[in-house]
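Encoded as structure tokens, the structure appears first; notes follow it.
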Amino acid sequence: MASWHDGLAAPPRVLISPRPSDVSARGNVLSLRHPRSGDETGYLFIDGQLQEINWFKERYGSWFLGDYVCEDGGLYYCTPVDPIFIFLPTFEAARMSNGKDPGKFRQLDEILYVEGYPGYQQLMDVAEHHMELVCEVKEVANMKFFRLDDSKVLSWLCCKVHNLKEVFPKLGKNYAAQLEKDQLKEAVQMIREYLKDEPWLALLCKKLQLDTNEIINDATTKTNEASFCADSSLAPAPPSESKATNGSAKPSKGRPAKKPKVEVGSKNIKDMFRRVTRSGSGS
């Protein structure tokens with residue numbers, strides 16, 4: 001948990017993030033565009049790895065932080081995210097392709113200049129290392145030029161789908177009993193959370209011989225059901241049954257847990273990291 005909240009007007013927040021291999025190293029909180037929605041989203045860059053900041057909150061709960069009681073029982077935590085998902089829309093726009101024209105080769109400093117989002121510039125080395133997997137690369141006079149390649153992107157996405165399918169049987173009997181096509185659809189729906197429907201989801205579905213509209217409709221149905229379960233309760237639990245103790249929060253009785261979500265465009269996350277962003281240090 002971060003201990004830099006002293007003196008802030010905004011209340012402290014609880015953040016769980018990985019420890020850097022070097023104890024003296026600090027992480028940077030970056031504002032980047034979400035690859036699907038384009039909304040401003042918080043990410044933590046630490047130890048050379050990009051982490052997605054997620055948020056979870058029960059209806060009732062608080063945190064005991066030393067002698068301080070934080071009334072907001074929300075929990076922020078970081079999970080690794082493949083940077084290629086984050087860079088994909090930026091590289092797609094940078095090539096400026098038109099119809100059958102594959103577009104232009106550009107240098108990384110040009111591609112990663114996104115107005116209002118200086119955080120991309122801090123990921124130059126990460127982009128160079130990862131985006132070679134999905135780009136054509138030309139080297140001229142010791143300078144590298146990148147252009148997104150549709151066939152390479154599709155191969156990479158198919159690999160992601162395959163890797164997810166390999167994991168499903170280990171998650172329980174319900175997943176293991178699924179038909180091959182159902183597992184395929186499930187994997188594509190999960191990846192869709194980081195993809196725009198056009199062009200990537202449509203191209204991926206065509207490659208895998210799936211119905212794009214069916215994927216979109218099924219995902220929408222599941223989202224609506226999850227939202228209903230998260231917001232529904234048989235009866236509100238009294239605070240005494242659901243307050244946090246020893247730094248943790250108990251779920252309310254008789255109601256399902258809320259689904260964690262990526263923190264997008266929240267004033268809380270901006271208040272939480274205002275000082276961190278300014279000083280360039282994180283958890």
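Yeah, the Cβs are placed from backbone N, Cα and C, and that goes for glycine too.
Features of the protein shown, as given by TrEMBL:
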{"type": "COMPBIAS", "residues": "260-274", "note": "compositional bias 'Basic and acidic residues'"}
{"type": "DOMAIN", "residues": "20-82", "note": "domain 'Rnh202 triple barrel'"}
{"type": "DOMAIN", "residues": "85-186", "note": "domain 'Ribonuclease H2 subunit B wHTH'"}
{"type": "REGION", "residues": "231-283", "note": "region 'Disordered'"}
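In terms of DSSP secondary structure, the domain 'Rnh202 triple barrel' (20-82) contains 0 helix, 33 strand, 30 coil. If you take every residue in the domain 'Rnh202 triple barrel' (20-82) and average the pLDDT, you get 87.
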